[in-house]
Amino acid sequence: MSVPEQPTGSTAPQDRPPRRLRLLLSVAATVLALDVVTKVLAVKLLPPGQPVPIIGDTVTWTLVRNSGAAFSMATGYTWVLTLIATGVVVGIFWMGRRLVSPWWAVGLGMILGGAMGNLVDRFFRAPGPLRGHVVDFLSVGWWPVFNVADPSVVGGAILLVVLSIFGYDFDTVGRRKKADQSRD
């Protein structure tokens, strides 16, 4: 009869990815909930296409339906955008399994929540599945009308770029070592 081998060392590294995945999913769920709730309220309370001033004409609530991507690009390619966003969601879930960095978890969670918020519209809003138009309702100055998901995706992407520039990888806690430091 053999005795199963006991793992040596700390089990803390094995605990990190699930905790980071939970952080990623918590951030994503928060963004998704805020996005869905604000869109439901916007559709229920705002007149379509008519700006409602918040701070003069600079900041307004303006309900529009966007069939394209950010800034109304790629109008008419809604189904392609839906498939791309679905691929992003799947990719983030795949990365999340190996995620160690808490900051990467936050950034990826922001992107995941925003992508899922807009996917909800693409799948469930008119004119139909995979072709649904995204609800946008926030207007600031000359900037195109947007929703809660949009700055979340952009902010998450900026965070990931900054982390990458400064040498923080998604599968390490700290900065990666430079080639000459790793030889020491």
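Easy rule for this one: first residue shown is 1, then count along the chain.
Cβ atoms here come from the backbone N, Cα and C positions, even for glycine.
For Asp136 (among others), the entry in TrEMBL reads active site. In this structure, Asp136 (active site) is part of a beta strand by DSSP.
Cβ neighbour count for Asp150 (active site): 22 (other Cβ atoms within 10 Å of its Cβ, all protein chains included). TrEMBL lists Asp150 (among others) with the feature active site.
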- Note on the structure: Quick note, Asp150 (active site) and Asp136 (active site): C-alpha atoms separated, nearest Å, by 9
- Query: For Asp136 (active site), which residues of its chain lie six or more apart in sequence with Cβ-Cβ distance below 8 Å?
  - Reply: Thr62, Leu63, Val64, Arg65, Asn66, Pro144, Val145, Phe146, Asn147, Asp150
